[in-house]
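Colleague: So Swiss-Prot has the following annotated:
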- 229-327: domain 'Ig-like' (DOMAIN)
- 679-728: region 'GPS' (REGION)
- 66-90: repeat 'LRR 1' (REPEAT)
- 503-529: repeat 'LRR 5' (REPEAT)
- 611-632: repeat 'LRR 7' (REPEAT)
- 22-739: topological domain 'Extracellular' (TOPO_DOM)
- 761-773: topological domain 'Cytoplasmic' (TOPO_DOM)
- 795-804: topological domain 'Extracellular' (TOPO_DOM)
- 826-854: topological domain 'Cytoplasmic' (TOPO_DOM)
- 876-897: topological domain 'Extracellular' (TOPO_DOM)
- 919-977: topological domain 'Cytoplasmic' (TOPO_DOM)
- 999-1005: topological domain 'Extracellular' (TOPO_DOM)
- 1027-1346: topological domain 'Cytoplasmic' (TOPO_DOM)
- 740-760: transmembrane segment (TRANSMEM)
- 774-794: transmembrane segment (TRANSMEM)
- 805-825: transmembrane segment (TRANSMEM)
- 855-875: transmembrane segment (TRANSMEM)
- 898-918: transmembrane segment (TRANSMEM)
- 978-998: transmembrane segment (TRANSMEM)
- 1006-1026: transmembrane segment (TRANSMEM)
Amino acid sequence: MSVLCVLLLAFVLPLRGSSSAGSTECKTYDERSRSAGKSSPSGATLDRKVVCSNMEFRQVPSPDTFPNRTVSLILSNNKIQELLNGSFVGLSSLERLDIKNNIITHIEPGAFYGLFSLKRLDLSKNLIGCLHVDVFKGLTNLVKLNLSENKFSSLSQGIFDSLGSLKILEFDSPYLLCDCNLQWLVVWIKEKAIGVKETRCSFPRSLQGQLITTLRAETLTCDAPLELPSFQMTPSQHQIVFQGDSLPFQCMASFVDEDMQVLWYQDGKMVEPDATQGIYIEKSMVQNCSLIASALTISNIQPGFTGNWECRVRTSRGNNTRTVHIVVLESSAKYCLPDRVSNNKGEYRWPRTLAGITAYLPCKRQVTGAGIYSGSSAEDRRAWRRCDRGGQWAEDDYSRCEYMKDVTRVLYIINQMPLNLTNVVQTAQQLLAYTAEAPNFSDKVDVIFVAEMIEKIGKFAEKYKELGDVMVDISSNLLLADERVLWMAQREARACSRMVESLQRIALLRVSNGALAYSTNSPNIALEAHAIKASSFNGMTCTLFQKLSPERTVMAHHGEISPERQLSFKCNVTSNLSALALKNTIVEASLQLPPTLFSSLGSSGQAEEAVYKLHLLAFRNGKLFPPTGNSSILSDGSKRRSVVTPVMITKIEGFPLRDLLSPVNVTLRRFLQGSDAVPAFWNFSLQGGQGGWQSDGCRILHQDDNFTTVSCHSLNSYAVLMDLNRTGYNVFIFRPLHPVIYSTALVLVLCLLSVIVSYIYHHKSVRISKKCWHMLVNLCLHILLTCAVFVGGINQTYNASVCQAMGIVLHYSTLATALWSGVTARNIYKQVTRKAKRYEELDEPPPPPRPMLRFYLIGGGIPIIVCGITAAANIKNYGSQVNAPYCWMAWEPSLGAFYGPAAFIVFVDCMYFLSILIQLRRHPERRFELKEQSEEQQHLSVTEATEITPVHLESSPTAQPVPMSALENEHTFVSQLMGVAGSLTLYAALWVFGALAISQEHPADLVFACLFGALALGLGAFLVAHHCVNRQDMRRHWSQACCLIRRNYAVQVDSLLLPIAGSSGSVMTSRGNGEATKCPASSAESSCTNKSAPSLRNSTQGCKLTNLQVEAAQCKVVAPSTANGTAVLDNSLTEHSVDNEIKMHVAPIEIQYRPSSVNNNNLPGNANITGHPGRHHKNRSRAHRASRLTVLREYSYDVPTSVEGSVQSVPNKRHHHESLHARNSRRAAYLAYRERQQSQLQQDSSDAASTSVPRRSRHFSKGTRIGNGFGHGISNGGLLDGSEADVTNQTKECPKQTLTVELEVQPKSYGLNLACQNGSAKDSERLNVESSGNVKTGLWKHETTV
């Protein structure tokens, strides 16, 4: 027995421990009872609170596991799936039950039985789909109930009837459907005054987000379209399967009505179960009383199953569907090749796609405006394209994408806007602003959108009068659009015909409102309406003309029609054509209505008293009447006819259009020329409403160059069609210019060619600077280009491209001519104002030569930039004016692109001309432009008598004539100025008269043509005379070119003569007073190595003369005396060579006889004779020049002026002159004879002789250093030895036989430095600068000759 008790205890104790284990795992807390605390505070009983959160319970623990006094039970955050009947029996003291955040899907009735004291119940955040009506039965003390965030969409009526103490209710759900099934709940809440916290409707969308307490019962209906809170189909994406596979489908939807059914469809056909095909369908069943589901299984899928499979939920309130596209692939699948599609929605590159698949691509431009394009999600904003089963691309859809062009997108947005009385005027103005870009329309939808908007705006035209004007302006803008775009819009949606019909309705509305007349106009469309009484009608004549309309402000239009030219009607109440007293008008068309127009209606009194509404509508061209189909009138054989006149529409409301007793005569102006003219009228009903041209009942009465008169027996749309050339444009009738223009222009071209060819062919021999040569050739070339383009291309208006090219070239050549004239004037001004050059410092390199390209950048670059910008802005600025008789720029662009720049350039040119005149008046001595001398020429010049700059020759009454060889330009500055100014003036006048000759009507054009011819002849003669005939070198070249014998003779003569030799061989020079003198040629001149005269002209090889020969030639190198007696010194031999120092006494020097520019105008009283040598020779290095000049300066202190080193005697004894002259003459003749005998056999003996040169102190005669003589080292106080005195005496005996000689040396042959640069010699006297004798630095007194 004891053993049995032990075993029983061993069995019972574990059971008690396990049964209490659940409760012991929960946390228990003591909680003071509120009722006990009030009744007996001292002896209060303790209540228990049990917390079983996060315990992973899958069901509610047994109530026995909880303490008896449990008043609060927390079972949140577990995995409880359902609440069974009697789950909380025994917890009669429980006041709070929290079961939130579990996965409860079902609650059985009686689950809360026994909880009589329960006051708060929280069932939120579960999966409760529905609640039974008796689920809360017995909870009489429940105060707060929370059912939020569950899956139920509705609550059964009477579910809260047993909750008599309920005060707070929460049942917010993302699936809550506020329909007729919740009407009872709204009424119950208001009756019981239940507090509902944050409970809002989720469906339908019309009530979404509204609080349940704010709804009225009548707003909760079941009439709205069916909206299911939950509707899912699996799979939801498109499927690609292979033949023979199995594919299951499942469909689930919220259960909202008892009669709900789930059905399956394929491509719109209901699918039934078919075991033979492997199709199985499970019956509908309700899950958790909130969802209805169905399953479809295809066990053996076949290619025929490809298509859209649809799950359809059918209820009495409506249907709802979900669709999946299925593609069944066979074993040999095909593919669509990659493709690129470009349209108004962008460019799309479709990839290689499997046959039967629909490919999707995102839109190129994302949606920027809400509510404009269908579909707001990114998935909907896609373009798709289907690849059919044959591997070919099939239908596509881009409608959900935005247009790429801004204009098209804005027009689409405007078209989608709803119009009303408040915004119609503003919308019409916006549309007018955007149609100003009509010339740039490239998409047919642009025109379609505008046509649709015009129709919408026309509905409000009766209310607002200004809308009619706006509609006319909008339609006028569309006439500037491309004809191809209008044709496509007409074919797509009858856009053009709809606009014309809308404009016709405007006129009728105006006259219907009681107005007797109405008119409006625009650049391309004119509208006129009249109320006509049949009894008083005597005929009418209406004329269409274009004129500036000051009444209305017209927006600027882009395109070929100028906004100033407005089309307008002028009507007279008579049938005859009256003279129009209208200024600055161009007649485009005229219409004559006969007096018998209303006779066909009979003579009844009612008909005679009737008032008819007549409206006239005129279009500048036929773009709004594009034929979309072929007709006999448009294509007759190989001919293709097009509208070549304005289109005029005439219509009388309520009046028959055909079979008039008297015809209507219409005169139309042709803007295009063609052949085979046909009168026609537009029939809106042809081609299935597309419209077309017909010619029945119309004939041509008269036709001339510009106008065609048509007679028709009907009231309709009138026009003339003609056969054009294959390019679709007019057959050009060439209208030549006046013969005077052609003949005189030809003469001008020949003159310009002669000047250009002469200067190019004789470029190296003509005496003109390089700059002037380039400027003259370019000036003549651009004048030639202007003349040629004007004569040959100004009237080439038949082709727009050719005409534009002519306008651009004429624009460029005109500006370039003016700029080259300015460049030439600037060059003359710089030469006139240029200062004399000084010796550069030794450390300063010579400036580099400036490129000639700078002139081309100005003369040609600026016009190219101006023309390029003008053409890039709008190429139609050139040669695109309608009916323009010549190829030139439009008026407004030409103001800023041509007339303004041309006027400014000419103004700058005139300022340069005036500045040159002022400078020449201030400095009359500046006449010529001289050559720049090289370094050797500057150091060896022997003929400079006064200051001579490299640029100017200062002219004075005593100046010597300038040799031609010293001139850089044969023309004087005044002559150059006259040439460029005269050319520019004649060119400008020629341009003006040419423009007037082609722009004016007869007979003014004849007058200006004659003036053009006279100026062309004058300009050609002026250019030839000034630049060719008036130049010695060019005359010589022309004379040589004319006669071959004479040319050969001239070459021989030129080779025998020295540059400035006279006819007898004497060399010409000038005195100080300007008297010409001669000096006979000495023996020294003819003893130059026994060479002939032609050899002396070679500029690169001179005669080798010894020092004695140079002395013998001194008779020819004596400089002339100045007018005031000041001596002019000779410094022809002033260079001292360091490398030839030993041989300097007898070294031969190579001299070349050539003229040198001299000017003997020294002022009296000057202490020194100054000279300004030019820039050093550019090919010498800086170091070479520096070392050379340094040695020269050093030896200038030490080198004596005689062989023995003795001091030369300064005073000149007059009684020794004759003896010295005789001795020196005999000596020179002997040495010349001896040199001729020995020059070819051996080297001159003087090359081997040398004499030691004693140095003298550097501070010797420091105060008498030689000054700045123009002869490079010549001093006023130069010393003369005996031989120098002889030469001076000899010069006296030959006062009129002076020769200007310049010695040029080879690189290793230098002259003798005979002047002391540091001052006069010891014990010498100063030379009187006012003496009248000619002082020269003499040669060596003694010459050693072997």
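Here the Cβ of each residue, glycine as well, is placed from N, Cα and C on the backbone.
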Colleague: Across the repeat 'LRR 5' (503-529), what are the DSSP residue counts per state (helix, strand, coil)?
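Modeller: For that range the per-state counts are 10 helix, 11 strand, 6 coil.
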Colleague: With pairs closer than 6 in sequence left out, are the transmembrane segment (898-918) and the transmembrane segment (805-825) joined by 3 or more CB pairs under 8 Å?
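Modeller: Answer yes: the transmembrane segment (805-825) meets the transmembrane segment (898-918) with 3 or more Cβ pairs below 8 Å.
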Colleague: Where DSSP helix means H, G or I and strand means E or B, what are the helix, strand and coil counts for the topological domain 'Extracellular' (795-804)?
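Modeller: Tallying H, G and I as helix, E and B as strand, the rest coil: 5 helix, 0 strand, 5 coil.
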Colleague: What does the DSSP secondary structure composition of the domain 'Ig-like' (229-327) look like, as residue counts for helix, strand and coil?
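Modeller: The domain 'Ig-like' (229-327) comes out at 3 helix, 61 strand, 35 coil.
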Colleague: What is the three-state DSSP composition of the topological domain 'Extracellular' (999-1005), stated as helix, strand and coil residue counts?
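Modeller: Helix, strand and coil residues of the topological domain 'Extracellular' (999-1005) number 3 helix, 0 strand, 4 coil.
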Colleague: Counting only residues 6 or more past its boundaries, what in the same chain has a CB within less than 8 Å of a CB in the repeat 'LRR 5' (503-529)?
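Modeller: Same-chain residues near the repeat 'LRR 5' (503-529) but 6 or more away: 458, 461-462, 465, 468-469, 471-473, 475-477, 479-480, 542, 544, 549, 552, 554, 557, 561-563, 565-569, 571, 613-621, 649, 651, 653.
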Colleague: For the topological domain 'Extracellular' (876-897), what is the mean per-residue pLDDT, to the nearest integer?
Modeller: 75
Colleague: Going by DSSP, how much of the repeat 'LRR 1' (66-90) is helix, how much is strand and how much is coil, in residues?
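Modeller: The breakdown for the repeat 'LRR 1' (66-90) reads 0 helix, 7 strand, 18 coil.
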Colleague: If you run through the topological domain 'Cytoplasmic' (761-773) with DSSP, how many residues end up as helix, strand and coil?
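Modeller: For the topological domain 'Cytoplasmic' (761-773), the helix, strand and coil counts are 5 helix, 0 strand, 8 coil.
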